[in-house]
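Features reported for this protein in TrEMBL:
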- 24-43: transmembrane segment (TRANSMEM)
- 55-75: transmembrane segment (TRANSMEM)
- 95-119: transmembrane segment (TRANSMEM)
- 140-158: transmembrane segment (TRANSMEM)
- 170-193: transmembrane segment (TRANSMEM)
- 214-231: transmembrane segment (TRANSMEM)
């Protein structure tokens, strides 16, 4: 899962690149991985007992394992985004073209809706859970919380897919999954800890409850965009070698 800057090309050239056989395979990889992730996350919520404190831990563990696996299996074909916010952050950073990003979004959204639909059909008498805002939270506060958590997640994705990390890139999917799990544990009781617009959208569509969807899109997309800009242009710009806290360059860059 290595990220590299795209060379400057005309919009027509980038569109043609987005419909090549390799590009189509990447969309399929995103669909499969996002389907698996949403199926595991929403399924774990359905299997948990509402009101039981241990349910939050169950969902957090499911997020960790499912995202780590989904990123790993799709990394070679599509980069393993599994999340429209990650795709947006990569587009803002110039690592993916806008046409390709839109196709990624389409694949991710369709996969989320389909996964939630399969769960609804398989469990006829059980409702599909949706992300909800706690009574003590406002929509603006929940959006800010989701945006902050998504910033951390996308910043982690950038760090874990940076080729300057050398062999450390191999553990990237696990670190990304752990970051998502930590986000669920910290924000689950307040906003649900989605950090993934597709996951929130798919379950809401099948449940027929689209209220507060803007919370799970606006905040995460802003957070993801800022993460891409900060990582690439402020903290670890490509032209500047990483320097350790000892003041000398490490053997393995970051």
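Cβ coordinates come from backbone N, Cα and C, glycine included.
Same-chain neighbours of the transmembrane segment (140-158): 3, 83, 85-86, 89, 93, 133-134, 175-176, 179-180, 183, 186-187, 190-191, 193-195, 212, 214-216, 218-224, 226-228, 230-232, counting only residues six or more beyond its ends whose CB sits under 8 Å from a CB of the stretch. Below 8 angstroms of C-beta separation, residues 59, 62-63, 65-67, 69-71, 73-74, 77-83, 100, 103-104, 106-108, 110-112, 114-116, 118-119, 128-129, 196, 198-199, 202-203 of the same chain, each at least six residues beyond the ends of the transmembrane segment (24-43), sit close to that stretch.
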